[in-house]
Each structure stands twice: as C-alpha cells, then as structure tokens.
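In what follows, a single structure is set out as structure tokens and then discussed.
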C-alpha cells in the first residue's frame, strides 16, 4: 500500500509540474511569419507634453495662468486656450521657459540608459505654419531640432509625429484644441490642405539636405497624423495616399511613413495597403466626377494605440482580465498583414491621474462628472506617491507592464510607451516606473510573465491542484 502511495504521489507531482510547465512555456506563434519583415524592433518612449501641451502631464503650467480671484473654471483646457488667455507675448515667454526646462540632452541619455532605442516626438501644425487668427505661438520647431541632435548623440532613432491638425482631428486636448465629440479637421478643405502644406514642409526639412545626409540613420520616419477620430474614412484614406505620395516625392531618403489606425479594428488597414487606392468623388459645376487616387505603398507601419482605462468596463476590470485583454489584443495584431507597432500604451489601470480626461473632468474610476457609472474605488490610493503604494499595487502594475512588453514585442514590430516623464502621473511616467521597480530593468527582466503567461496566476493554479491532490492522498491513507 505504501509503495502504491509513493508511486501515486510521484505521478501527482509530475502532473502538477507538467501543468505548470505548459502554462509557463505557452507562447504565441502568430508573429513568426511577421518576424521576417522586421527591420527595426521599436523599444521607444514618447516625449509627451513638451512640444504639444497636455494638462495632466504638466498641470503646473496651467495652474500658473490663474490670476487672483480666478477659479478652476477659468483654467485653459489646452494649448490653444493657454495661448489665447495669456496673449502672444506672455505665452511665448512661458512656453520658451517650458521648452528649455522640461527636456535636455541628459533626458535623452537617460532614455538610452533605460534600454530604449527610439523616441516619438509629438508636435503641432502651428509649430510649422499657423492659420490666420490662431493664438498659438511658434518656437517649438527649434526644440524638435535640438531633440534630433540629442537623439543622434545618444544613438536613438526619432519618429516625428504630427500630433495636432487644424481645428482638431480628434477633439482631444492633446491635439492642441479640445472640442470633445466635435473634431472639425475635415469640416473644411482649408484645414486638410493646410495639413498637407505642413507635412510638405516637414518632408522637405527632415527628408532632404542636412537632415537627410547627417541624420538619415536617426530620423526613422514621420507619422502623418495622430489619432484622427470618427473621420470620413474615404477622405482619411485619400489623405493618407496623398501624404504618402508627397513624402516619397519630396524626400530623398526612404524612411518609414506611419499611419495611425484612427481607432479602427485591427486588420482594417490591410486591404487598403494592399490595393493602395481609393475612389474619390468631387463635384464641379454641379457635376460629380469620380477619380482614383493611388499609391505604391512601401515601408509603411500602422500605429496602434491601446489603453485599458477609457471605458467604464475597463476601469472596473481586475488585473487578470487586463492581462487577458492584452494577450488577445496583441495576438490579433500578430495576425495582421501590415507591419505594425503599438505606438502608445501605458501602465495605467485607472483613469485617476488628475486631468487625464481633461481639465475640469472627473474619472470613471470614481464615477465623478461627467461620468455616471458606479464608483469602482478611490483615486487617492493611486494618486499618492508610488513609494507609498502597497506591495500588491506594485506587483499588479508590474504584471501589467510585463505582459505588454512581452506581447507587443512578440506580436508586432515593437512598442512606444506614453510617455517618458510627467509632473506626477506615475501610471504614465516611464522614468518614475523605472525608479519604483515597476518597469523592468533590463526591459526583459520579467518577474511574473514567462513566455506570455502570468506566472503568479499559474503558480496559484498549480498550488491549488497540489493541495487537492494531497487532500485526496490523505483520504486514501485514512481509509
């Protein structure tokens, strides 16, 4: 009987070990076909809140606009209204101080030391050419040029990202002009044509001459527009074709041109990139004329953005659900025909960072206006200094970060974290996450994720199975 039990226990241990091994070693092969296409594996970070203001990244800039007797209702909600409130002279002074102080070459050295190999630098159209009547001030372009030099000196690639278009392409404050729910970029041909004009200037400056010769191995490409929301898709496709053709005609270097997904489903852009054409109907003198716009797309990357905090169901999810969401999302990208990156993601498990949703707006996590969902919890636990976070909080964040690092690296051409640093929004702050042991160093130094499996969860499953088996053995012994 004893010999039988020993054999049974050995078999049980082998079974549990096999279960754990299967869980730990499971991996997706969906990117194997894509891997041969990869020329450069992106491990990057966005320089957010610098050349295009975002209130939650640098709230001090916005708070400093208040005069005696004013309240938060008098705060500007974006860069457009920041400049309008202060006037051109004062806005230029404050923005120049901001551009000078927020980033310098030391930051780019630290970015390299953190294991990153590229930066994505957002900039607005107004930094190249304003529209008549715009309150924006110029000057940020000079700091983009400095950032390219700093990147070159520290062996970092640069993606230049047109983050704001005239009359806002998405209504978000990160476009320069907040008008939630009412992006107006496509409302007038003038706005789209002005965007073409700005892109042509960008292609001319950064794709020819000095930059083409001295920085051709630094400037990896240009993203023609960030996050267009609810556009007329045929018009957006026309814009992508025309922008691409301008880029290839003007530039003397064959760098990458990035198309942002425009919040479309994964795989949406595959057929468009394969066909490289769109039929366009124009009206002239009361008569409709249909033409076909074409492009021979080469060296295109689709830029996907993914966050887990901008719906009520997401902020109510537990960490295990978030991890499963990431696995499913990345697996779908791995099946895309187009080359793709996850060009924005973060460590955020809540939308608690003050002003993340916009100046004067609350959070889904707390169910505060304008959100009407049930309260999930208190933001105080997440907005306190990360050195005061509990061990469980830090572990959960690290599990979430590790899963994204692994899955995006495995199933796409890489990733770009949003963003390098903030004044206090830790979930969005790569530098702070490194300092607090949440962002792995080196970047593949995973504690909890092994080959795409959350081992903390897998260990619990194996432990529970072992407990049940041992209980079964004890019953046999008693019998």
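Our numbering is plain: 1 for the first residue shown, then up by one each step along the chain.
Heads up, the Cβ atoms here are built off N, Cα and C, so glycines get one too.
The following features are taken from Swiss-Prot:
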- 1-21: signal peptide (SIGNAL)
- 25: N-linked glycosylation site (CARBOHYD)
- 29: N-linked glycosylation site (CARBOHYD)
- 63: N-linked glycosylation site (CARBOHYD)
- 104: N-linked glycosylation site (CARBOHYD)
- 187: N-linked glycosylation site (CARBOHYD)
- 193: N-linked glycosylation site (CARBOHYD)
- 227: active site, proton donor (ACT_SITE)
- 254: N-linked glycosylation site (CARBOHYD)
- 285: N-linked glycosylation site (CARBOHYD)
- 288: N-linked glycosylation site (CARBOHYD)
- 306: active site, nucleophile (ACT_SITE)
- 318: N-linked glycosylation site (CARBOHYD)
- 451: N-linked glycosylation site (CARBOHYD)
- 456: GPI-anchor amidated serine (LIPID)
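Annotated features, which come from Swiss-Prot, shown on the structure.
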residue	record	Cβ neighbours (10 Å)
63	N-linked glycosylation site	11
187	N-linked glycosylation site	12
193	N-linked glycosylation site	11
227	active site, proton donor	20
254	N-linked glycosylation site	13
285	N-linked glycosylation site	5
288	N-linked glycosylation site	8
306	active site, nucleophile	19
451	N-linked glycosylation site	14
456	GPI-anchor amidated serine	17
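Cβ neighbour counts within 10 Å, taken over all protein chains shown, single out 104 as the most crowded of the glycosylation sites 104, 318.
In the three-state DSSP scheme, residue 288 (N-linked glycosylation site) falls into the strand class.
Of the recorded residues, residue 306 (active site, nucleophile) and residue 318 (N-linked glycosylation site) place their C-alpha atoms 17 Å from one another. Taking only the Cα positions, the spacing between the residue listed as 'active site, proton donor' and residue 451 (N-linked glycosylation site) is 31 angstrom. Nearest neighbour of residue 318 (N-linked glycosylation site) by Cα distance, taken over the glycosylation sites 193, 254, 451: 451. DSSP assigns residue 456 (GPI-anchor amidated serine) to a helix. Using CA atoms as reference points, the glycosylation sites 63, 104, 288 were checked against residue 254 (N-linked glycosylation site), and the closest is 104. A distance of 47 Å separates the Cα atom of residue 193 (N-linked glycosylation site) from that of residue 451 (N-linked glycosylation site). When the Cα atoms are compared, residue 456 (GPI-anchor amidated serine) and residue 104 (N-linked glycosylation site) turn out to be 39 Å apart.
Residue 451 (N-linked glycosylation site) sits 62 Å from residue 285 (N-linked glycosylation site), taking the Cα positions as reference. In this structure the alpha carbons, written CA, of residue 104 (N-linked glycosylation site) and residue 63 (N-linked glycosylation site) are 24 Å apart. When Cα-Cα distances from residue 63 (N-linked glycosylation site) are compared across the glycosylation sites 187, 285, 288, the shortest belongs to 187. Between the alpha carbons (Cα) of residue 288 (N-linked glycosylation site) and residue 187 (N-linked glycosylation site) lies a span of roughly 19 Å. Between residue 187 (N-linked glycosylation site) and residue 285 (N-linked glycosylation site), the C-alpha separation comes to 20 Å.
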